[in-house]
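S.K.: What follows is a single structure, and I will ask about it in a moment.
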Amino acid sequence: MTLNNQGHTKDDTNSFVNIAFTHDENGSETVIRRKSGNSNGLQLDGTTNATNSNNNGASVPPAANTMPIDFDDILPMIGEFGKYQKILFLCMIPFAFFVAFIYFSQIFLTLIPEQHWCTVPELEALPLEERLALSIPRMDNGDYHNCFMYNVNYTDLLAKGVRKADPSWPRAACMHGWSYNFTEIPYATVATEENWVCDHATLPTYAQSIFFLGAIVGGLLFGWIADKFGRIPSLIGCNLVGFAAGVTTAFVSSFWQFALMRFFVGFAFDNCFTMMYILVLEYVGPRYRTFVANMSIAIFFTTAACMLPWIAYYLANWKLLAVVTSAPLLLAVFTPLVVPESARWLVSQGKVDKAVAIMKKLEKVNGKHISAETYQNFTDSCMKLRQEDTKNQSYSVMDLFKTPRLRRITILLIIIWMAISLVFDGHVRNVGSLGLDLFFTFTVASFTEFPADTLLTLTLDRFGRRWLACGSMVLSGLFSLCATVAPLGVYSASLAIMGRFFVNISYNIGLQYAAEILPTVVRAQGVAFIHIMGYVASIIAPFVVYLTYISPMLPLIILGILGIVGGLLSLLLPETLDHDLPQTLSDGEDFGRGQSIWDFPCLAKKIDDKNDLEVRNPNFVRSTQSGASLRASTGGELRSSILQRSVRSRYSSKL
């Protein structure tokens, strides 16, 4: 129980109270308590700090009235989205470009024109149509075969004046390489130079899967570096690995050399942006984190993805493309000049003085002023909480499977995230099979990220996670299935792109969902495990797309079915909107108990904030953290493949 400034008691067990400080015109410092439930407006009911006098005129000792404060309390005093944070937001631009280039570049490094045929040296002097008519058998659909030629004596045929093949002639696999029609794809790629077609057509698929293996290893490695040595060293390290491997790709001369470089480029995937994403979100106030988290992807990542095909088109050289898309990663070495180390990580390592120094820099750039007493209180609070941070060390991801409800929820999260990852990556890589110009279609499909993220920003905290996840996944699946029955070309491509649009929404919801459901004591490890399983699914995705060689409809059928199944499974998860994050394993076991599948958060009544009266469905009681605040406590970790935090640093991130 605490006593507010009107003399009324208030039950602190029902609301977590933070404090902030203000200065009046006389220079006295006032402690302001705020409920963390509403990041958009501070609810004040405070006492005065040590610089004030009590009712008897006596000076109050500093420790008497000073409550512990954490990083989220001191951030509003520094500025939640001031000049410094805006600079950091703009600093995300190059890193968003990096991750887009790393993720999508192999598509344009390994393009293979649909029209390619066996090379017959004896016929090189003939026009293309005559060469094909004489040397290449036709398939059942009337097109010339990509992988077979007639096994006859072409010198004798030319001498006899034969210019058209007899279908009864014997056939053989290509013996002298292939010729390619570069009309639609106006440059040679590593795949065409090395002839990764026909019997070797799976090699680009293997290379892409090896890339995702590298992403798993890199996530584990640089996640450990981030926890051990800091976010900035990890950010620089993964970008330098991506730079070195990407540039070296331009000099490979065999498949295994190319695959090895893709493996090391995979080290940088996700991490090259996620580290920066985490750092920026940690310095942004809760009310702005929704904007920063989603719009950095919607604007910067989308712009880079839309630019990439045209960079490839106008460079028209795969080696130059590898260098141009990899060399900018070297700019990461300049990161420490602008971007500070994570204050939360510094606190978790006991380096509170360095964290305070960073906050003073932010304070200065944002034009704010905070007293030395406030910083001292913050330092004392951090050290005390760190000393108490020993009880969370014994938990592991296996604890998620020890109790029935938590085990079921964890398995559902794994299956759903694997489905989302496979469908998302499948749509990305299937764009070349839609019957339209690849460069244009890829640009349009990539642009869907912008409206998807914008729509999600406006609706996620209103409609909740569960039904949005279900609806977007099911719609993605339905559009994918509809694309299989539509005429190949504009109609099927448009439907497939709509499938991509809705899976973009699902992907962004899924990034947040697991971090809100899993209990704090195993959240970092649990979400890391789920994301790694997502990469396992991404390894399979290129093979799903490869099925287009059997039938162009097969990939979309599989993606459609997986989307619908994944969406329906989402309804079995508990809703997290306006709920406290579960802290302990028992909280996780009981989380969402009593909810119905048919409960809609947007239809529930609101709380009477004025009188603190609860008038909502008890299964959707507004917690002490708003949707924005939930994202505040988890948003810095959502898009990381390995979460970049150990349990220890995750617990200390409350500081």
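In case you wondered, yes, glycine gets a Cβ from its N, Cα and C as well.
The model shown is predicted, which means the values in this text are computed figures rather than measured ones.
Feature list, courtesy of TrEMBL:
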- 36-62: region 'Disordered' (REGION)
- 46-59: compositional bias 'Low complexity' (COMPBIAS)
- 87-112: transmembrane segment (TRANSMEM)
- 165-578: domain 'Major facilitator superfamily (MFS) profile' (DOMAIN)
- 206-226: transmembrane segment (TRANSMEM)
- 238-258: transmembrane segment (TRANSMEM)
- 264-284: transmembrane segment (TRANSMEM)
- 291-312: transmembrane segment (TRANSMEM)
- 318-339: transmembrane segment (TRANSMEM)
- 409-426: transmembrane segment (TRANSMEM)
- 438-460: transmembrane segment (TRANSMEM)
- 467-491: transmembrane segment (TRANSMEM)
- 497-515: transmembrane segment (TRANSMEM)
- 527-547: transmembrane segment (TRANSMEM)
- 553-573: transmembrane segment (TRANSMEM)
S.K.: What parts of the chain pack near the transmembrane segment (438-460), using Cβ distances under 8 Å and only residues at least 6 beyond its ends?
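M.R.: Tertiary neighbours of the transmembrane segment (438-460) are 104, 107, 111, 184-185, 290-291, 294-295, 297-299, 301-302, 305-306, 308-310, 312-313, 427-428, 431-432, 468, 493, 496-497, 500-502, 504-505, 508-509, 512, 627.
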S.K.: Where among 87-112, 238-258, 318-339, 553-573 do we find the most Cβ pairs under 8 Å to the transmembrane segment (409-426)?
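M.R.: Selected stretch: 553-573, with the most Cβ pairs under 8 Å.
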S.K.: Would you report the average pLDDT that the model assigns to the domain 'Major facilitator superfamily (MFS) profile' (165-578)?
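M.R.: Per the prediction, mean pLDDT sits at 86 for the domain 'Major facilitator superfamily (MFS) profile' (165-578).
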S.K.: Under 8 Å for C-beta pairs, could you tell me which stretch among 206-226, 318-339, 497-515, 553-573 has the largest tally with the transmembrane segment (238-258)?
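M.R.: The stretch with the most close Cβ contacts to the transmembrane segment (238-258) is 318-339.
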S.K.: Give the nonlocal contacts of the transmembrane segment (527-547) in its own chain as ranges (CB under 8 Å, at least six residues past its ends).
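M.R.: Same-chain contacts beyond the ends: 201-202, 204-205, 208-209, 212-213, 215-216, 219-220, 223, 397, 410, 413-414, 417-422, 425-426, 429-430, 433, 514-515, 518, 554-555, 558-559, 637, 640-643.
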S.K.: Taking 3+ C-beta pairs under 8 angstroms (sequence gap of 6 or more) as contact, is the transmembrane segment (467-491) in contact with the transmembrane segment (553-573)?
M.R.: yes
S.K.: Taking the transmembrane segment (497-515) as the first stretch and the transmembrane segment (553-573) as the second, find out whether 3 or more Cβ pairs fall under 8 Å, excluding pairs closer than 6 in sequence.
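M.R.: As far as Cβ distances go (cut-off 8 Å, pairs 6 or more apart), the transmembrane segment (497-515) and the transmembrane segment (553-573) touch.
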S.K.: Can we call the transmembrane segment (291-312) and the transmembrane segment (206-226) in contact, meaning three or more C-beta pairs below 8 angstroms at a sequence separation of 6+?
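M.R.: They do not touch: fewer than three Cβ pairs between the two stretches lie under 8 Å.
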S.K.: Counting only residues 6 or more past its boundaries, what in the same chain has a CB within less than 8 Å of a CB in the transmembrane segment (318-339)?
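M.R.: For the transmembrane segment (318-339), the list is 87-88, 91, 94-95, 97-98, 101-102, 105, 108-109, 187-190, 193, 232, 235-236, 239-240, 242-243, 245-247, 249-251, 265, 268, 272, 276, 279, 308, 311-312.
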